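Report on one structure; see the data block that follows.
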Amino acid sequence: MKEFNQKGGMSSEMGSEEAVGSSRVIKSVFFALLLDLLGFTLILPLLPSILDHYGQTEDSVYQSLQSIVDWFREAVGVPMETKYNSVLFGGLIGSLFSLLQFVSSPLTGAASDHYGRKPLLILTTLGLMSSYAVWAVSRSFSMFLLSRVIGGICKGNVSLCTAMIADLPCPKARNKGMMMVGIAFSLGFTVGPLMGAYFAINSRKEEVFYHGPAVLALVFSAADLLFIIVMLPETLPKQNKVSSVTSGIQESGDLLNPVALFHFSALTRTEDPPSKEKMQNLKVLGLVYFTYLFLFSGLEFTLSFLTHQRFQFTSMQQGKMFFFMGITMALIQGGYARRIKPGHHIRTVRLAILLLIPAFALIGLAWNLKMVYIGLILYSFAAAIVVPCLTTLVSDHGSANQKGTVMGILRSLGALARALGPIVASSVYWIAGAETCFIISSTSFIIPLVLLRRLGGLKQE
């Protein structure tokens, strides 16, 4: 009996230490991700104004793109609507950024499985700092594009942070961690755009209006780098690291092949791959994740252009809109999402996606701001729920040394969706107008709802 008590006490003590360690990791990842997202979101309310700026200054690269668009418009017989050209350019930039993430994320994930999460986070943050520095000194459209290219290549912080949460040994801690990642997104998208708009409006007359937000993004990134170096612990134990980064990089070819990506092929080639049931579950979840983000990212990206053109939103009004969305998301995540019980994630995802159908229909047809903000409330509920819940479900698959691969695949699926979504949605917007774009896309959310039915006979948790 005494021996039993000693073992029980030892087990309890180990569990307590594990809980304290997980709590520290979650708090550190939350703060590091928040700093990263604050810098990243500063540009969101400014993008329509930045593109208008280059159009008015007769930038040579911008004018060349304008000529190509005009030629294509005449070739396909699209009516002349120059105000929609900035939407198309914005979609191209957004898709380029995510396409570069799609290419770089597998390499980052594979390298982190060998070298650890922290060294790769330091490297990607240094890259982001350089992209913000280029943006701060840019005075031409080509330099602005260069800053977005560098940022797209180096934007691996989110996938690395989610991999760190996936490294946690306890499912309950992983669930809490993924919810905290969602809260970091909410806060970042609440405060960041508003700060970006504020610094743009209050820039000095001799400076271009986006100089202040660019410098602030650089400051946030530098603070993030310092925090990662000093405070962030390594979550991947030495015994769980893959033996060679070369093998990981070879496997990353599967992450660049869309067919292999949807089949989670990189995971099937690892030692002790998940069971057939879990692999089928992963494939369905991956397809739902991709379809949802493809539709969502396209409408999310064109939203600021719709309000800019239909309601003449300034950068500050755009910032206030993002602030409203972020606050709503934070309230939902803090009051509802973190209380979602195990086994209820898929049911909650269904509800959230269903609400997006009326949400985007209201926004697309809105003739007043009341309709827009009712739609944004429904939109914010889905934005707060879907990705954290799906990420939690996916993170339960794979062994400890497979987490980087699993989360890398999920991140690549998301990057591919975000690479295709903005350009497809902005093209429909450019050809057929905002109403048609939003109505077609909103009804298309039936597709992920149908896909979720394929999980009916599978174990969800």
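Positions of Cβ are set from backbone N, Cα and C atoms, glycine also.
Keep in mind that this is a model prediction, so the values were computed, not measured.
Some features that TrEMBL has for this protein:
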type     : residues : note
DOMAIN   : 25-460   : domain 'Major facilitator superfamily (MFS) profile'
TRANSMEM : 29-51    : transmembrane segment
TRANSMEM : 87-108   : transmembrane segment
TRANSMEM : 120-138  : transmembrane segment
TRANSMEM : 144-166  : transmembrane segment
TRANSMEM : 178-201  : transmembrane segment
TRANSMEM : 213-232  : transmembrane segment
TRANSMEM : 284-307  : transmembrane segment
TRANSMEM : 319-337  : transmembrane segment
TRANSMEM : 349-367  : transmembrane segment
TRANSMEM : 373-394  : transmembrane segment
TRANSMEM : 438-456  : transmembrane segment
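Cβ atoms under 8 Å from those of the transmembrane segment (349-367) belong to residues 288, 292, 296, 299, 303, 306, 310, 374-379, 381-382, 385-386, 389-390, 434-435, 437-439, 441-443, 445-446, 448-449, 452 of the same chain, restricted to positions at least 6 beyond its ends. Sequence-distant contacts of the transmembrane segment (29-51) (same chain, at least 6 residues past either end, Cβ-Cβ under 8 Å): 86, 89-90, 93, 121, 125, 128, 132, 135, 144, 155, 157-158, 161, 164-165, 177, 180-181, 183-185, 187-189, 191-197, 199-200, 209-210, 213-214, 216-221, 223-224, 227-228, 231-232, 304-305, 308, 315-316, 318-319, 321-322.
Long-range contacts of the transmembrane segment (120-138) within the same chain, counting only residues at least 6 positions beyond its ends with a Cβ under 8 Å from a Cβ of the stretch, are 32, 36, 39, 43, 108, 111-112, 144, 146-148, 150-151, 153-157, 160-161, 210-211, 214-215, 217-218, 221-222, 224-225, 228-229, 232.
Contact count against the transmembrane segment (373-394) (Cβ pairs under 8 Å) is highest for 284-307, out of 144-166, 178-201, 284-307, 438-456.
Same-chain neighbours of the transmembrane segment (178-201): 26, 29-30, 33-34, 36-46, 49, 161-162, 165, 209-210, 212-213, 216, 314-316, 318-320, 322-323, 325-327, 329-330, 333-334, 337-338, 384, 387-388, 391-392, 395, counting only residues six or more beyond its ends whose CB sits under 8 Å from a CB of the stretch. Predicted-model confidence for the domain 'Major facilitator superfamily (MFS) profile' (25-460) is 83, expressed as mean pLDDT.
If you count C-beta pairs under 8 angstroms between the transmembrane segment (284-307) and each of 87-108, 144-166, 319-337, 438-456, the highest count goes to 438-456.
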